[in-house]
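The annotation domain 'ABC transmembrane type-1' is assigned in TrEMBL to 26-222. According to TrEMBL, the feature transmembrane segment maps to 34-54, 61-86, 98-123, 144-169, 203-225.
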Amino acid sequence: MDLLLHGLKKAIEMILEGDPEIAEITLRTLEVSMTAILISTIGGVPAGILLGLSRFPGRKLLLTFVNIGMGLPPVVAGLWITIFLWRSGPLGDLSLLYTPVAIIIAQTLVSFPIVTGLTAAAFQQLDEKMILQIKALGATRWQLLWILMKEARLALLAAVIAGFGRVIAEVGAAMMVGGNISGETRILTTTIVMEVSKGNFEVALALSFILMAIAFLITFCLTYLQQRKRHA
């Protein structure tokens, strides 16, 4: 218990003192995580809608791959990205390994299937009779899509929340493709692992409190928006 209290005290001290290194790590964490979930949302929601509403050859196979991707171990994702971005790899000439971009790619890879899969599930659960009624009233394809998105808006926000939870907590792939380089690719999760390995549990706890505060604040805002839309 004393260790937890000391960790909380240390976190407050770091925030109040404006520790430049902690501020840099925190901002980088927000930058890569928000970029990754933004990419996953922009790509995953349309993909999920397509898989949820359309009927085409290979659809079930794609849904299977998406569901497999939802449980993809981050270290596996990190390994494949490392191989592709390695100097002798297919994308080695881009020199992206051990950069924030590599972390964004890794976080996008693990969150994209979550957003896509949950979006697809949400649209698959919509009442087909309702869809037929909307079409019968003469709605265009885009009008139909807009109405269905409004109908599934709570589930869509839940998909984004789940995806964000995955990226903000990601450590294995980020450590592998980013290298946890000071001033370059060090983020909160990888720093916590490093401090624990060094035996600096007080600092690790302080960083964990900062990470939890960020996750809580952003998740709270998304949940508030979700529930506000529910009563709108």
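Note that Cβ sites are derived from N, Cα and C of the backbone, with glycine treated the same way.
Between the transmembrane segment (61-86) and the stretches 34-54, 98-123, 144-169, 203-225, the greatest number of Cβ pairs separated by less than 8 Å involves 98-123. Long-range contacts of the transmembrane segment (144-169) within the same chain: residues 29, 33, 36-37, 40-41, 44-45, 48-49, 53, 107-108, 110-112, 114-115, 118-119, 121-123, 125-126, 130-131, 134-135, 189, 211, 214-215, 218-219, 222-223, 225-226, 229-230, each at least 6 residues beyond the stretch ends and with a Cβ under 8 Å from a Cβ of the stretch.
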